[in-house]
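The following features are taken from TrEMBL:
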type	residues	note
BINDING	T106, D132, N162, A163	S-adenosyl-L-methionine binding site
Amino acid sequence: MFASNIARRACRTNRPFRHCRFNHNQPTPNQNQESSRATHFGFQTVPEEQKESLVKNVFDSVASSYDLMNDAMSLGIHRLWKDELVSLLKPGARGPQKCIDVAGGTGDIALRILDHARERYADRETAVDVVDINGEMLREGFKRFKKTMYHNTPQIAFQEANAQALPTERFPDNTYDLYTIAFGIRNCTSIPDVLKEAHRVLKPGGTFACLEFSRVNNPLLSTVYDQYSFSIIPLLGTILAGDRASYQYLVESIRNFPPQPEFAQMIVDAGFTTGGMFEGKGGAWRDLTFGVAAIHTGVKV
């Protein structure tokens, strides 16, 4: 019922595709192959071939209020988490880098990367390819960058593509120094496929970095956060965006995402080298705000 409600609403609200200066391609044939396997869509179980369109409908609905959505889900702290991610990665510190920000449609991570490189290291050559499966999200990012000094420069490009199957003609092997994905990987049908593609497109020595909502380990804080997530966030979706169902899905998708150690092992299984299987300095991940979110990193060797 929940999935069908989202699908019906998205059909009503979908806007026609208007020309934008970013690359748009149809899904590759292997993306259209149907599978009999099932996966999660929030707390529901759906056929794998349906999840992509259901998630697309969610983000079609929330694209114009995406930052507002993240404010509601993190009490505004997501902005500090994104700053922490970019500060940790230090883009520009070792010279110009070629970066890819996946599921990055609204461009907020890309803008932070370019600003950090320019302001800290006087680097105006680092470049970011912003990739998203959702054209509505990319439109929001394109509008954001039109207000910046990076618009119409080689430093930024927007491309519509599936993180699980990046077209090799546009995303060749061993291309990027840095791969980032923030609050996006949990919405993908196959996390292992996303990680495999990240490993493929990174150069040897390149860094994979993921910022994602995660697990609060303190039982008391976890209970409080669950109460806020399941009671308040969907209500805020109704009040702020007139969209309870999409916000309900996003909360449920967080609870279905693997806990920190399990996700760290998935990164290792994809071929990356990480820190130890623990949190903090020297570890495979860094918890933010008691584990409400976490940054996972790995290096392609």
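Keep in mind that glycine also has a Cβ here, set from the backbone N, Cα and C atoms.
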Close in space, distant in sequence - A163 (S-adenosyl-L-methionine binding site), Cβ under 8 Å, 6 or more apart:
V102, A103, V131, I133, I181, G184, I185, C188, V194, E197
Which residues, sitting 6 or more apart from T106 (S-adenosyl-L-methionine binding site) on the same chain, put a CB under 8 Å from its CB?
A63, Y66, D67, M137, E140, G141, R144
Based on the record's binding annotation for S-adenosyl-L-methionine (T106, D132, N162, A163), what whole-number value in Å is the widest Cα to Cα distance?
16
Name, in the order they occur in the sequence, the residues of the same chain whose CB lies under 8 A from the CB of D132 (S-adenosyl-L-methionine binding site) and which sit 6 or more residues away.
V102, A103, G104, G105, L138, G141, F158, E160, A161
N162 (S-adenosyl-L-methionine binding site) has how many other Cβ neighbours within 10 Å of its own Cβ?
22
